[in-house]
Number of protein chains: 2
Amino acid sequence: MTDFARTRALFELPEGIVYLDGNSLGPLPRAARERVAREVSREWGEKLIRGWNEAGWMDLPETVGDKIARLIGAAKGTVVAGDSTSINLHKALTAAVSLAGPRKVVLSDSGNFPTDLYVAQMALRALGGGHELKVVAPEEVAGTIDDTVAVLMLTQVDYKTGRLHDMQALTAKARENGVVSIWDLAHSAGALPVDLAGADADFAVGCGYKYLNGGPGAPAFIYVRPGLGDRIDPVLAGWMGHEAPFAFDLDYRPAGGIQRMRVGTPPILSMASLDAALDAWDGVSMDDVRDRSIELSERFIAEIEARCPELTLASPRDPSARGSQVSVAFREGYAAMQAAIANGLIGDFRAPDIMRFGFTPLYIGMDDVVRAAETIERVMRDKLWDRADYRARAKVT
Amino acid sequence: MTDFARTRALFELPEGIVYLDGNSLGPLPRAARERVAREVSREWGEKLIRGWNEAGWMDLPETVGDKIARLIGAAKGTVVAGDSTSINLHKALTAAVSLAGPRKVVLSDSGNFPTDLYVAQMALRALGGGHELKVVAPEEVAGTIDDTVAVLMLTQVDYKTGRLHDMQALTAKARENGVVSIWDLAHSAGALPVDLAGADADFAVGCGYKYLNGGPGAPAFIYVRPGLGDRIDPVLAGWMGHEAPFAFDLDYRPAGGIQRMRVGTPPILSMASLDAALDAWDGVSMDDVRDRSIELSERFIAEIEARCPELTLASPRDPSARGSQVSVAFREGYAAMQAAIANGLIGDFRAPDIMRFGFTPLYIGMDDVVRAAETIERVMRDKLWDRADYRARAKVT
């Protein structure tokens, strides 16, 4: 049984705050603070250029990738960390299209994170191969997969509602129809059990700064199915993905397997932070995380439905159809969330009216859930959302 | 007159080391150490998600871009930091090709950093427009620019020899012939005066971790000529380059100007380090840096030519044709550099036989140059390069 009191002690959480926004930016693990300080002062400051050999910087994208692999049902050597989720999705999509042969349809859904659709829109236009991005409603995806589809590109958990796709079933249907599959695990990795190998997915990408707690803008990751990597001609090429980076040959020869998904020099300070943050998962069972996440979010729903009739549940009511977040709709959601934050409960807001709360058992317990519900109740009862200063919008909402 | 004693005091350099490898990885500025610690503990640790608004994370790519702009002769609002140099070159090249109309030749040279050629090889193949990468010798570039060329893609300073291209003349010739120009400033930014606006260059990219001292793998940058940005359809699209990132529209609408060159969420810890490091340039004149760099490197050449007949100068002898580094060829250069490092002089090695030394007046003075020459003399005189432990190769050379 995972000891969540132990994992909670690994994080530095500000006093007096209930943090239900770890689905947007995970909090600071003590180990990450210490590691970054060491990386700066000792590795960079004292070793200088020798850090590339002596501090393990050169292999860090694979080291971090292997730690993430364990959390998403991927074999060692199939995941590499680096770049942003958007850049990694571009790598995956351009590779998938080239592997998919003459078919022209890239299938996605309107519950995908908009960036993923932007990546696809512009990548497909640039490739000039006449590919079409077909965006259907989430519930129509399964019925739309057929042998005209080249690539299935989905985010497993809807960033707004928390609606969870059945990765196993959809990937199986893609496989049966000869469709190359890409999964964005931004709200899955570290949130719930993922079994990429078991699902036989072709590609996956995901984020280092949400449930993995790597710090603001931490490097993202990319997974390529074993055996598939060697068949990819990377569209984004760079020396770190070359077979022999320090031979400085004038011709690109991609490294074997997942390593060719590397491009340029990785941001070591951010990568080291993620590396240290991932150690919080040692001894943690993703099944336990899932069970606990459901307990927490079920209680949260029960509490706010009992206390706040103004709010409408915007997430699936069935926990097995939901990721590790709960969203509620409220017409003054932006101001209400500002009021909640001012009163010690941090969640976030997504336009037009969604208040979003993430449940992260590594550092959030049942006491936090009850305190959160009490705060939301106060915001609603006292109409705190009606105050002018909470209504004034900031750049990032 | 720039006060180089003052700037030297801004850096934390290990005792007993002469560091002539700031052209590969700049040393640690005290301000970067303090800033990263603050960013981790206070902004991430205490502000959590609120850091995006309250700690300036959202605008950091432009904030940092503007600081770099000043060093490369670019106007405010024309440079943005983020991603790696390779990724930024991909953005610039795909944009340049689309702006260049029906011409098919991308002209570069064999003195370019190999990664830049890898980027071009794979990008042009992916675009499928029948573009050809034409690689000529550096001295043949000027004579090859004509109205059949679509894009001129060069690195101003040769990473191996330090040979400096005449940016002003080559860009002018490109402009006369309707050729879109891209400059890689990896070994120029912070090394010598650059005047992108004066040269009327179209695109530039560069590196944050060499002469700009941003830390290992610090984010890179991209410059787009004023007015050109709005004509680009980014191939690498992402929410941070969207006109309204938090509207979460399903369709991509690029932000105005340079902002559309942003893609995903930037690695804040690495970016903050670069931001703080750039403050070392306050009050520094690039003309003074250039004068001092030439003094240092001329003295270095004189010293080693007087002391070490075994070494052959591999850089241009004329300082006006050279960047801020000196390279010498020696058949046992790898082992000789290992011996130098073991004896307190850090430079680096580039295959097959180049020993490379960077001159960075912000923190390197004439005493260092003399000590460096003494160390190299000892390595040669005592044949330290012949020791087995120096001959054993590490992964990064």
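A Cβ is built for glycine as well, from the same backbone N, Cα and C atoms used for every other residue.
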Same-site pyridoxal 5'-phosphate binder from B:Trp239, B:Trp281, given that TrEMBL records B:Thr85, B:Ser86, B:Phe113, B:Pro114, B:Thr115, B:Asp116, B:Thr155, B:Asp184, B:His187, B:Tyr209, B:Thr265: B:Trp239
Cα-to-Cα gap, B:Thr115 (pyridoxal 5'-phosphate binding site) vs B:Lys210 (N6-(pyridoxal phosphate)lysine), nearest whole Å: 16
Spatial neighbours, same chain, of B:Thr155 (pyridoxal 5'-phosphate binding site) - Cβ under 8 Å, 6+ residues apart: B:Gly111, B:Asn112, B:Phe113, B:Asp116, B:His165, B:Trp183, B:Asp184, B:Leu185, B:Ala186, B:His187
Site of maximum Cβ density within 10 Å, from binding-site residues B:Phe113, B:Trp239: B:Trp239
Neighbour count (Cβ, 10 Å) for B:Thr85 (pyridoxal 5'-phosphate binding site): 30
DSSP three-state assignment (helix, strand or coil) for B:Thr85 (pyridoxal 5'-phosphate binding site): helix
List of the binding-site residues B:Thr85, B:Thr115, B:His187, B:Trp239 facing chain A, defined by a Cβ pair under 8 Å: B:Thr85, B:Thr115, B:Trp239
Residues satisfying Cβ distance under 8 Å from B:Lys210 (N6-(pyridoxal phosphate)lysine), sequence separation of at least 6: B:Gly22, B:Asn23, B:Ser24, B:Leu25, B:Gly26, B:Ala186, B:His187, B:Ala189, B:Gly190, B:Ala191, B:Gly358
B:His187 (pyridoxal 5'-phosphate binding site) CB neighbourhood, other CB atoms within 10 A: 26
